[in-house]
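Please read the structure below before turning to the comments.
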Amino acid sequence: MASLPCNARIQLTDTLEQMQQGALMRKVKSKSWKKQRYFKLQDDCMTIWYQSKRTGKTESAFSISDVETVREGHQSEVLQSLAEEFPPERCFTIVFYGRRGNLDLIAGSAEEAQCWVQGLRQLIEVATSMDQRERIDQWIRDWFQKADKNKDGRMNFKEVQRLLKMMNVDMNEDHALRLFQAADKSESGTLEGEEFVLFYKALTEREEVLSLFQAFSEDGKKLTLLELVDFLRQEQLEDEGTEELAMELIDKYEPSETARARHALSADGFLMYLCSPEGSIFNPRHQVLWQDMTQPLCHYFISSSHNTYLIEDQIRGQSSIEGYIRALKRGCRCLEVDCWDGPNGEPMVYHGHTFTSKIPFREVVSTLGKYAFQASDYPVILSLENHCSMEQQEVLAQQLRDILGEQLLTATVDGRVPTQLPSPEELKHKILLKGKKIGRLEDVLDGPGDEAPDVSDDDNGAEAEEERRRMKKDKESLAQALSDCVVYCKSVSFRGFQEARSHSRPSEISSLAEAKARKLIRDAGNDFVRHNAWQLTRIYPSGMRTDSSNYSPQEMWNAGCQIVALNFQTAGTEMDLCDGLFSQNGRCGYVLKPPFMRDEGTLFNPGEPSTREGPGPVTLTIQVISGQQLPKVANSKDGAIIDPLVRVEIHGVPADQAHQETKYIENNGFNPRWDETLQFQLHVPELALVRFVVEDYDKTSRNDFVGQFTLAFANIKPGERPLPGGVGCWAGGAWLGARERGGQPRPRCPPCRLPPHPPPLQGRHQHPALLALRPHPHRRDARPRAGLTRGASGTRMEAIGPARFWPHAAGATGLSTPPPRRSVCVVPVSSSLLCPCLQWPPGAGERHRCLHQFGMSPALPSQALVRGLCWCVAPPASSWPRQGSATGRRRAGARRPCSAGGLVPPTQGKRGWSQANPGAGQSWERSRCSLPPTLQRPQSPWPPQPQGCSWPAPRY
């Protein structure tokens, strides 16, 4: 496309020019489905589209940024089934990120296949190495490609309207036309090149980001180095090396060379920073390998897969080596393989006694050897379900040794009997076989494996005899060669914690069904945690889950279970939690358990969080601000616009399980704005996962899923942080802070040592506290300060969210209506009160500003409901109409004012309980209130009388 040229970093080689001319290739889905399609690289060099040869209709298109890799030859089951018909030189597979299916292609010649393979790899390398500015440019190109239906390199207004629908924008046609005409500098009636860029920037301008930028900018156009340092320290809570970090951010994200030379950051550079890894909610220090990897294996949570060979259900689903490739590339470190006797002496892998397809064991082992350590260097555990005859067990052992070679661990690390499991660091690039073993490990190391175990004076004779019977049975059903491949992961039956402690070894592992594990957690939670501090435990799904559904892994992690096997092929909340936990520590598949779960004498019980050693509960406050360019719901009607809401879920110990959600925004998936604050109390924050979910609200049925993002609480970085959702696409901005219960804020301003939050003013008769946020005298925008909080022991420091962290009255669960940036007072109200605008003592009114002072934030609702609590902030009484006046009766709907200066509806109207609220200027609007009338009566005495206040008035 001439109007939006190829990325500047792409050298237009003969290979790419040939791809732009197009090629006729076969798209293959099965042995019988082979259709010819015309593939072509677009002029932007980052989009591939293809169409049917017969109809000439464009069938689909994809961006190079969606492609993970390209595999040559017969690298899929489909192409392998066609090996006799088509040579490998003409075949290749395009692998996409996420759960999108692979694209198997057969070129007309080997030369043509090589052209596309090399060209795609060149473009993939460019796409993965793009910086933030280039990604945004590519994002714009992608939207242009989607909207330019006739591929003429121009967009008329009709195509723009189609683009708005694609982008989830429900915009007034007149307003859209004004934006279009403003961008059409050539007045040609179409948008080309830079004109479309202008239109896109006008469309995606973010007021909330701009207001944040201007709050720290002296001239509103740029942030100087000192102003950026100020922002990083106060808003993002960056405490170390902020000057160096500010310089790095300017050099990395400022698009203007002039601004970079002056060490300044423009609004465009500021937005690029917020959308970058440095600005993300995920702490970048935790994205790399940051944990101690020298502790025993049992001290780690291990990413684990169940029935890895299946990519569908367990009855008729397809078995595929693709399941192993996908799991390994996601960092999975424990795979499962079910082996059965196959034809011609070749063991096969499939789900026994079902109609699932079969794959040779040899192919599984070859795939494991090739992909085991591409995503992580740390050990892989192969869980072997052995259903083979003695003869084919010998074949299993031979193939494992021949194909894996030195990768297969066949002896202990130091050649001695282990007293504890080795560490992931000691087992780097090793594959451990989990399965049955003849005898014990010390018997193998000390001498021949056929000797019966000694019976000491302390041994129980019956137990020793039982051990002899088990060894004899194992010898009759297990090949010695296969037994010798098992070292540290000998499978044993679980017979209780006491017997395990008395007779088991650290090198042994028990496998428990999910129901058995739940019972143990419920009946003996502390014993289970202690057991998992020295020995591995594997949990697997119930056999009744024939649809390959998953159980919640969180309750198993709460008990310290290391290998919690999930069906990776099934998307859902459970896999979201798994991905969220293992997205840290370099995605290596190992996450170190908290200290209190690694101590064999721990008192911790997940059902009783008070048994956890350490500081008290932590309060997490999240303000959900906005979203941008949220995707449409799958299979939605053309032109349908979503009504998004955000639900925040806490997954942890039972006492911490909770969720809250925002209101929904009607018909706006492009730039919804919530501005709602949610608050959670975490008793065991070390085990908590925070899941953000965006849904499309549906009042007649279940909400539709739009997207999600999950991360561990320990990985959250406080500040104004976007959730990863693609370039320029926020799943929802979130302001995050954590404060330890009972802690006192530490001053952050060295000149005056003022605390960031003054103590609240207490009202009489246990009325909720009035929080008056003191403006800081050293800030021109008079915004409240950030700080840290010291734990009760005085040794632990927790981050406290800056200006948007709000202490609450006792019993309050969340403040649904957050104050705007420049607010000074907020009154949380219990359900027994309605209009709590506290009137200050005479003469104090001019020293304070109420939340809804006219012109401050007219778009912010003044009343919202959260779990039966009514949070209402009213203006000063002087701004309300006089009782009994004609204007007052007309504007307030003849409602009587309460003693606090607000209005109380005496009756229920057609629209439900309502209250007159101040809006912009001096207008009045009606807002709903679903509280019953008994909760809408002001209680006496009210208002509570505050203590005296001598704080200076803020200056704006």
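Every residue gets a Cβ built from N, Cα and C, even glycine.
Taken verbatim from TrEMBL:
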type	residues	note
DOMAIN	17-125	domain 'PH'
DOMAIN	135-170	domain 'EF-hand'
DOMAIN	171-206	domain 'EF-hand'
CARBOHYD	SER186	O-linked glycosylation site
BINDING	ASN307, GLU336, ASP338, GLU385	Ca(2+) 3 binding site
BINDING	LYS434, LYS436, SER511, ARG538	substrate binding site
REGION	443-464	region 'Disordered'
COMPBIAS	444-464	compositional bias 'Acidic residues'
DOMAIN	482-598	domain 'PI-PLC Y-box'
DOMAIN	599-727	domain 'C2'
BINDING	ASP696, TYR697, ASP698	Ca(2+) 5 binding site
REGION	774-794	region 'Disordered'
REGION	879-956	region 'Disordered'
Listed stretch, out of 17-125, 482-598, 599-727, that has the most CB pairs under 8 angstroms to the domain 'EF-hand' (135-170): 599-727
Residues flanking the substrate site, with Cβ no more than 8 Å from the Cβ centroid of LYS434, LYS436, SER511, ARG538 and excluding those residues themselves: SER383, LEU384, GLY435, CYS489, SER491, ILE509, SER510
Long-range Cβ neighbours of the domain 'EF-hand' (171-206) (under 8 Å; 6 or more residues past either end): 3-4, 140, 143-144, 153-157, 160-161, 164, 271, 626, 628-629, 670-671, 728
Predicted model, mean pLDDT over the domain 'EF-hand' (135-170): 75
Cα-to-Cα gap, SER511 (substrate binding site) vs GLU385 (Ca(2+) 3 binding site), nearest whole Å: 12
Nearest of the recorded positions (SER186, ASN307, LYS434, ARG538) to ASP696 (Ca(2+) 5 binding site) - Cα to Cα: ASN307
Where TYR697 (Ca(2+) 5 binding site) falls in three-state DSSP terms: coil
Distance, TYR697 (Ca(2+) 5 binding site) to ASN307 (Ca(2+) 3 binding site) (CA atoms, angstrom): 35
Where ASN307 (Ca(2+) 3 binding site) falls in three-state DSSP terms: coil
Neighbour-count leader, CB within 10 A, recorded positions: SER186, ASN307, SER511: ASN307
Spatial neighbours of GLU385 (Ca(2+) 3 binding site), counting only the binding-site residues LYS434, LYS436, ARG538 and Cα distances within 10 Å: LYS434, LYS436
Residues close to Ca(2+) 3 site centre defined by ASN307, GLU336, ASP338, GLU385, Cβ within 8 Å: HIS306, THR308, TYR309, VAL337, VAL349, HIS351, SER383
Among GLU336, ASP338, LYS436, which are recorded as binding-site residues, the nearest neighbour of ASP698 (Ca(2+) 5 binding site) by Cα: GLU336
The domain 'PH' (17-125): DSSP-derived helix, strand, coil residue counts: 32 helix, 42 strand, 35 coil
Site of maximum Cβ density within 10 Å, from binding-site residues GLU336, ASP338: GLU336
